[in-house]
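Below: the structure, in structure tokens.
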Amino acid sequence: MGEGLGFYKEYVAGMNAGLATVAVGHPFDTVKVKLQKHNTDVEGLRYKNGLHCASRILQTEGVKGLYRGATSSFLGMAFESSLMFGIYSQAKLFLRGSLPDDGPRPEIIIPSAMFGGAIISFVLCPTELVKCRMQIQGTDSLVPNFRRYTSPLDCAVQTVKNEGVTGIFRGGSATLLRECAGNAVFFTVYEYLRYHIHSRLEGSKLKDGYLVDMGIGVLTGGLGGIACWSAVLPFDVAKTIIQTSPDKATETNPFKVLRSIHKRAGVKGCYAGLGPTIVRAFPANAAAIVAWEFSMKLLGIKRD
């Protein structure tokens, strides 16, 4: 699993993982957010599917439309991922104590991942609020012109000005639930798959090959990402609705929001954006794990 760490190396490796995640996954995330916003509204535009949404964005705004809100996403994910991977690794070491490192232990992995998820939710909430509000502004947006933002900074400033400091943390409960549950699922799947694949390769010439390590990282990170998002997408839908609503009085309880969505659009509404989310989950999380593991090797962090 893991060995002794420097004070900062896991955090640097985690930052690189976050940058890789955004570079690969942001266009899919833009499509997901638009589907969640528009396809759950009472009235207005409806996209047939993720491909229809992506094609409309490309037709009306070009490639830059797919990367709308990416600035805040790069900044937020770099910091968030650095914290997540760093805290997760440090928490695992603390909880493992003197126990033998003889394989994945759910009693160590799950609380470590949930603790990291809880901490980063406070960073993610404001950065994702800005990201989501920027992403829904395209030509197809239902957002009134007077509420359009010129930049992520302008969005953050206007949000605080119009809604107070607490406004920038709207959707915090949904973010906390998503991050705690999602990271527990992700790291459990990742650690178990990684351990069993490496166990099968024990004694093989392939065990220490860089391409093999990269392949294992792609597979374990990708499948971990799919498992994670399949489990927590309804919380993400609720978060998007809460954060992008122009009404200050919007319900902020994620369970009540989901109940309302279910009444209007059924289970399908609670999983709005599932297509692009799953399509994004594999490459984005695979890129994150490959970047993380490669960075750790460069930094001299040993993993068995």
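Glycine too: its Cβ is placed from the backbone N, Cα and C atoms.
Predicted automatically and left uncurated, TrEMBL annotations should be read as such.
The repeat 'Solcar' annotation in TrEMBL covers 5-94 (among others). Using DSSP to sort the residues of the repeat 'Solcar' (5-94) gives these counts of helix, strand and coil: 71 helix, 0 strand, 19 coil.
For 104-196 (among others), the entry in TrEMBL reads repeat 'Solcar'.
Across the repeat 'Solcar' (212-298), the model assigns an average pLDDT of 91. Marked as repeat 'Solcar' by TrEMBL: 212-298 (among others).
Annotation source TrEMBL lists transmembrane segment at 66-88 (among others).
Look at TrEMBL and you will find 108-125 (among others) tagged as transmembrane segment. Within the same chain, residues 76, 79-80, 83-85, 87-88, 91-92, 95-96, 99, 168-172, 175-176, 178-184, 186-188, 191 sit at least 6 positions outside the transmembrane segment (108-125) and bring their C-beta atoms closer than 8 Å to a C-beta of that stretch.
Applying DSSP to the repeat 'Solcar' (104-196) sorts its residues as follows: 75 helix, 0 strand, 18 coil.
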